[in-house]
Amino acid sequence: MESQQLSQHSHISHGSACASVTSKEVHTNQDPLDVSASKTEECEKASTKANSQQTTTPASSAVPENPHHASPQTAQSHSPQNGPYPQQCMMTQNQANPSGWSFYGHPSMIPYTPYQMSPMYFPPGPQSQFPQYPSSVGTPLSTPSPESGNTFTDSSSADSDMTSTKKYVRPPPMLTSPNDFPNWVKTYIKFLQNSNLGGIIPTVNGKPVRQITDDELTFLYNTFQIFAPSQFLPTWVKDILSVDYTDIMKILSKSIEKMQSDTQEANDIVTLANLQYNGSTPADAFETKVTNIIDRLNNNGIHINNKVACQLIMRGLSGEYKFLRYTRHRHLNMTVAELFLDIHAIYEEQQGSRNSKPNYRRNLSDEKNDSRSYTNTTKPKVIARNPQKTNNSKSKTARAHNVSTSNNSPSTDNDSISKSTTEPIQLNNKHDLHLGQELTESTVNHTNHSDDELPGHLLLDSGASRTLIRSAHHIHSASSNPDINVVDAQKRNIPINAIGDLQFHFQDNTKTSIKVLHTPNIAYDLLSLNELAAVDITACFTKNVLERSDGTVLAPIVQYGDFYWVSKRYLLPSNISVPTINNVHTSESTRKYPYPFIHRMLAHANAQTIRYSLKNNTITYFNESDVDWSSAIDYQCPDCLIGKSTKHRHIKGSRLKYQNSYEPFQYLHTDIFGPVHNLPKSAPSYFISFTDETTKFRWVYPLHDRREDSILDVFTTILAFIKNQFQASVLVIQMDRGSEYTNRTLHKFLEKNGITPCYTTTADSRAHGVAERLNRTLLDDCRTQLQCSGLPNHLWFSAIEFSTIVRNSLASPKSKKSARQHAGLAGLDISTLLPFGQPVIVNDHNPNSKIHPRGIPGYALHPSRNSYGYIIYLPSLKKTVDTTNYVILQGKESRLDQFNYDALTFDEDLNRLTASYHSFIASNEIQESNDLNIESDHDFQSDIELHPEQPRNVLSKAVSPTDSTPPSTHTEDSKRVSKTNIRAPREVDPNISESNILPSKKRSSTPQISNIESTGSGGMHKLNVPLLAPMSQSNTHESSHASKSKDFRHSDSYSENETNHTNVPISSTGGTNNKTVPQISDQETEKRIIHRSPSIDASPPENNSSHNIVPIKTPTTVSEQNTEESIIADLPLPDLPPESPTEFPDPFKELPPINSRQTNSSLGGIGDSNAYTTINSKKRSLEDNETEIKVSRDTWNTKNMRSLEPPRSKKRIHLIAAVKAVKSIKPIRTTLRYDEAITYNKDIKEKEKYIEAYHKEVNQLLKMKTWDTDEYYDRKEIDPKRVINSMFIFNKKRDGTHKARFVARGDIQHPDTYDSGMQSNTVHHYALMTSLSLALDNNYYITQLDISSAYLYADIKEELYIRPPPHLGMNDKLIRLKKSLYGLKQSGANWYETIKSYLIQQCGMEEVRGWSCVFKNSQVTICLFVDDMVLFSKNLNSNKRIIDKLKMQYDTKIINLGESDEEIQYDILGLEIKYQRGKYMKLGMENSLTEKIPKLNVPLNPKGRKLSAPGQPGLYIDQQELELEEDDYKMKVHEMQKLIGLASYVGYKFRFDLLYYINTLAQHILFPSKQVLDMTYELIQFIWNTRDKQLIWHKSKPVKPTNKLVVISDASYGNQPYYKSQIGNIYLLNGKVIGGKSTKASLTCTSTTEAEIHAISESVPLLNNLSYLIQELDKKPITKGLLTDSKSTISIIISNNEEKFRNRFFGTKAMRLRDEVSGNHLHVCYIETKKNIADVMTKPLPIKTFKLLTNKWIH
């Protein structure tokens, strides 16, 4: 046992003759301290030899500097300075040693040590001598010193035995490492035994045989200090010496106790490795013995898992129990308990058979024969297994080497299976497995047979080109063959010892011989079917026999496991011995470099490369002859086998010889391709192909998914088709090992139909070459067809089907025939074929009207399978049809998007080619039938929606003809082509925008205004843009006739001299004097008549007053005016500097450049809504839109066909589609999994903290009785839908603590296991902000609490089970849940109901109606967020009483009691709050942002110029289609989700000034262009730069004891995609901003007034709810105000005139707003736009304006 570690000490200091103590392995029943006598003698001989060579030299120091190279001391060496008897401690050669102490005869054996300088040194007394022990029988004592020749005699026995000689006592080695202390103690104890001190050594019970004397104690202490320096002592030894420095006996006692424990562990390991059981003893006794051993090892830190334990038990089974090796060896999850159940069953059966029927149980050979017959109940499958399975893993390599050393006896029949070939594990000492090491499969030696090998048989291999065998007993005429080069699947050389003949004697008494190679380095004996075919022998897997070509059966084939075998009983044995074979071509090399060493030295290069390099002198220093190349032949480097593992080679043409065994359509190849992403739901994502082995005929079928039933439907279809059409039955189907083929449903189907499934090797595509090559060819054709035709990607399967039709008709270069000819079908009639994507005109048999055009443009796809028609794609109808009513069109270009309708002509060649087909149809037509033009019933792509979210009316809006288009052209086009658009985009048309939906030139050049709206500029006092519409001089509410000017966008200058215009008086929006603007003459306008209708946009009559408050009604009382003024008072509005009156500017000088992008600025993203839009008129009447939007008939326009570009390899993302697809921001995972936090965590300190948190969580779960610990359930007995997966998640909290949480996978929870009607409520953020605001105004105390493991207090009603935590080690068991585990769907609702009931019933609280998780009583308000509670009260004792009641039921922690009168800091739900009662409150997130933002990997610029605003006006997101690689796109989307997710969290908490930018960028998460990412980076940079900003609240000091709730509203008209408006609202309580909202209007508004009304109507419900909450929490009167900068909206609210409503929708919206304002007593007031802080919610603002509107409430 000690040999491995003791051998490390190759030298000993102080002139010791014995370098180390080497011993033989200790027998298990031997004393662990006993050492073989033979080894002792050997060591003493070595000591004698070493001492004889020593020379004595003077020493300059008593202590050697290097203990490993100490020089011997002379006789004049110094003695200890603090002892009065130096000579007794240091004897010279001339002094007589005391009897029994001859060890000190050599002066160098006791050096002078620093220990003796210590005042604690314990010297012997004046009269004490060194211990003298009488010589006892059998005690090896000293002999005369070989150096001095003197004889040292014992003084007590000198007279009786003067001539007796004694041997020297061997000294212990010097301790040099704490790790060597256990082995050193053993040698030290042996030293004491040899010194006649064995009686003082403690026994197993810790007590010595006799008492130790003082002299012996002195000797023990001194020798221990000399040979065990303190710096090399283990910690536990130092701890003992620190208490009592002389307590060496205690050290020895503990050491012996440890050695005894180690001996027991070693005995248990050896016993477990050498188990034997044959039924001679009761099975209960055997089970008890094994389980006790396993339990002891597990308790001592040696973990034996189930798999290893089962392996060890099965290896020891013999007799009738041996068959369990074969039946159980493939059960991966087998447990020891299950294995013993089988053993008990056999034992009981064995006992019963002995009493009744002696032959009741079959022998093992019968079992094996039965198993073979059972496995052959299904059709066999052709296999092509790797002949070198040993190269697949390291374990298989070890197995191969074991086989090479075994001697296999020749097997003559199948009964050889019963012969045991296993060897027990030889673990002879404990060092084979250290303490704490887990016993795994690698520890167990492999047998000389593979786990899946059938002993006594040859493996049939169709992929092996040569036959290889391990045993030499069947090789005839063996000879060496150094020239043969055989490689395995990894292209590594297989060493071949010999070549010979393998002779068969088959059952028809015929003999056959084939060549065989001998090698011991393979896992199976391989029989090559190629070599059998060379001697006219083939394997028929339909009959399971080897047969000749004439049908003569030679031998049966046996299926075992996944392979097919032939018995070795048909082999003729030879007389060649194993050593003869193994020594063939083996030469002895002497004094040469071993090849494995050179192989590793030269980077694991192969032998051929190394030899070639040495021959050419590219490597110097040694030659080729210096290397022993004999081992290079059979050397297998395990590292190379693992690192360079490849797939096995496939022999070209190896399958051809078996094709003749099958008739057409009996052997099929199949494979599935897919999925194809980014397609409509109606288009298929997969296709499945079939290829006949003999005829190479191909079929393809579309699939939308890979479910079992979908695959089964296709198999049913094709089998029925082959049976009915070709009168053939499919026998074998070859496929890969995908789950769609290996599922039980398909397996049963094939078995029922008598079809053999032939599976290929996993991940071996070359073995499935026929199907794989077909899919690759079809995909190449598909891409080519789509590229050539320009058709959209969703028609990809039509291209596949077209290619399949053509490929079946093309001749094969090998067979010179086509697949159709092989199948007996006629050739393809090319007159019925059209080019893929050929433009055609299809007759519309059901037009909308009689004057509607009858032709619909379309594109030919492929011939129909169900009729004589053709499948044609109609873009305008978004579907495919099966029809014969079409006319072929052919142009100069073949690309779909390059066709020019005017240039289309009939192609003569195509017409001539198809003439015969059309004449055939014409001759057989009796009358025109509209029934032929039907939608294809078979086609999967009928009624395809090109994009599920694309508006259907967009496609009908095309660009109208330009002014330069001649009228005649327009007329001709309308005659030729239907008004309906003839095409549809591939995904979403990238050109769908205002530029091609609306006539951009005319519309953009004329800012049309039918009347003046005072709110167009939000109440500005001047108008900076000319109004180019003629206006009436009167003050009526009627709109005048509007004129539209021609395009002057490209003009360089525009002045009064160039146009004739008249001045029109216009009312200023700010109430200033009327100004005049030029009117464009009629000659330069396009006249359009607009019906007069009542206008709601005109401003109401108003006086020239500077008063900015417009009341709802017009009372003249002073009290009403004071109320309205009080609403404005105390609001954080900006202070505007007074403006001097200015002249109205020249409108044409300040006219902004007109750009089509400004017409809908936010179509591209953040638009310019402030620079010009807010001062321009934002109106456009509904009638104007209807007049301007015209539908183009030029549907073949090149520009509009651009969306049908050919497919590209990159992902194409359109802006509008991406914006519409965004529903919500995907939450980003911030937690760690178990493997991330513990298993692979390289941070040791963090890992330890997570482990501590893990155990803390487990203890808490057990404490809360989360599951039933009394009963464990078997997984098979429980309904799977009631089993919930679980996992541990870890995270680091903001306070630095590490948290572990055991959660359930509620995301995959079955709907039947929870009540979907239950709600998990938490406090609304507005409720929390309202409570905080009221607390500040009323001097409330704020207390923060936390309830540990809150969910676990709630019981669970449903019957649910989870898998136990990993540390329990019960993977196959389930436990029933009793508590609401975190992660379950119902846990949140259960906890809410539990805590709600307790607060109401036990704490006297009541929940505020409409505001969940807000509880109150007369003194306390509670806001609940899961397990966090915030308490508000006027009296702190009220909070304490609630806390005491909570602690009675729940584990409640007080995070912050809030009793101080100074500033208190809180961390409440992510908000960092600084609160001083009665003064102020500051809300921010500086610490959190400082920690989180750097982790986002955003390129921050801390030293650069800081951004002053989150965005600037005039920025547009480019609308060009984005093209990205798939992986790059996913990565950028994921990055956007992280960045916008953090920004949203911050914005909705307190940074309401950023909500507009966050909302706009959130709509572009799925459009991660560089521009969008840059804008997002700028937003994050701005948040980083302003992370120290806080939302500032000050205590309000109202004149009256009332609460004032105000909402400020604003809207930006038409600045979002699809002309949606952006609306924003800010809510203030007593002058403090408590919330904000910025969102895109759900409906499209037709004017600014509509947008403003929509914004106000969106704010009123929340305003009323907040009002109710405030009244419940604070019993004060409340005043509600609504502020807007739209005077038109105010006029509608106060007016009773319903004639202003232009339509029913607008009228109902306005009337509802009137009712809400009057019914809820809202005070509607006007506010100037410059003071409207809600403006930051609706548009990007200049830096100065942004700061002006926000610096009073956030800074």
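Heads up, the Cβ atoms here are built off N, Cα and C, so glycines get one too.
What Swiss-Prot says about this protein:
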| type | residues | note |
| --- | --- | --- |
| ACT_SITE | Asp461 | active site, for protease activity |
| BINDING | Asp671, Asp736 | Mg(2+) 1 binding site |
| BINDING | Asp1346, Asp1427, Asp1428 | Mg(2+) 2 binding site |
| BINDING | Asp1610, Glu1652, Asp1685 | Mg(2+) 3 binding site |
| COMPBIAS | 1-16 | compositional bias 'Low complexity' |
| COMPBIAS | 153-165 | compositional bias 'Low complexity' |
| COMPBIAS | 402-418 | compositional bias 'Low complexity' |
| COMPBIAS | 960-969 | compositional bias 'Low complexity' |
| DOMAIN | 660-835 | domain 'Integrase catalytic' |
| MOD_RES | Ser416 | phosphoserine |
| REGION | 299-401 | region 'RNA-binding' |
| MOTIF | 1178-1212 | motif 'Bipartite nuclear localization signal' |
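Where Swiss-Prot records a feature, it is marked here on the structure.
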| residue | record | Cβ within 10 Å |
| --- | --- | --- |
| Asp461 | active site, for protease activity | 24 |
| Asp671 | Mg(2+) 1 binding site | 23 |
| Asp736 | Mg(2+) 1 binding site | 21 |
| Asp1346 | Mg(2+) 2 binding site | 14 |
| Asp1427 | Mg(2+) 2 binding site | 19 |
| Asp1428 | Mg(2+) 2 binding site | 18 |
| Asp1610 | Mg(2+) 3 binding site | 29 |
| Glu1652 | Mg(2+) 3 binding site | 28 |
| Asp1685 | Mg(2+) 3 binding site | 28 |
DSSP-derived class (H/G/I helix, E/B strand, else coil) of Glu1652 (Mg(2+) 3 binding site): helix
Per DSSP, three-state class assigned to Asp736 (Mg(2+) 1 binding site): coil
Confidence summary (mean pLDDT) of the domain 'Integrase catalytic' (660-835): 88
C-alpha spacing of Asp1428 (Mg(2+) 2 binding site) relative to Asp736 (Mg(2+) 1 binding site), in angstrom: 54
Cα-to-Cα gap, Asp671 (Mg(2+) 1 binding site) vs the residue listed as 'active site, for protease activity', nearest whole Å: 24
Distance from Glu1652 (Mg(2+) 3 binding site) back to Asp1346 (Mg(2+) 2 binding site), taken between C-alpha atoms, in Å: 44
Nearest recorded site to Asp1427 (Mg(2+) 2 binding site) by CA-CA distance, among recorded positions Asp461, Asp1610, Glu1652, Asp1685: Asp1610
Secondary structure of Asp1427 (Mg(2+) 2 binding site) (DSSP, helix/strand/coil): coil
When distances run from the Cα of Asp1428 (Mg(2+) 2 binding site) to each of the recorded positions Asp461, Asp1610, Glu1652, Asp1685, the nearest one: Asp1610
C-alpha spacing of Asp461 (active site, for protease activity) relative to Asp1610 (Mg(2+) 3 binding site), in angstrom: 80
Asp1685 (Mg(2+) 3 binding site) to Asp461 (active site, for protease activity) - Cα separation in whole Å: 87
Non-site residues, in chain order, whose CB comes within 8 A of the mean position of the CB atoms of Asp1346, Asp1427, Asp1428 at Mg(2+) 2: Leu1345, Ile1347, Ala1350, Phe1425, Val1426, Met1429, Lys1453, Ile1455
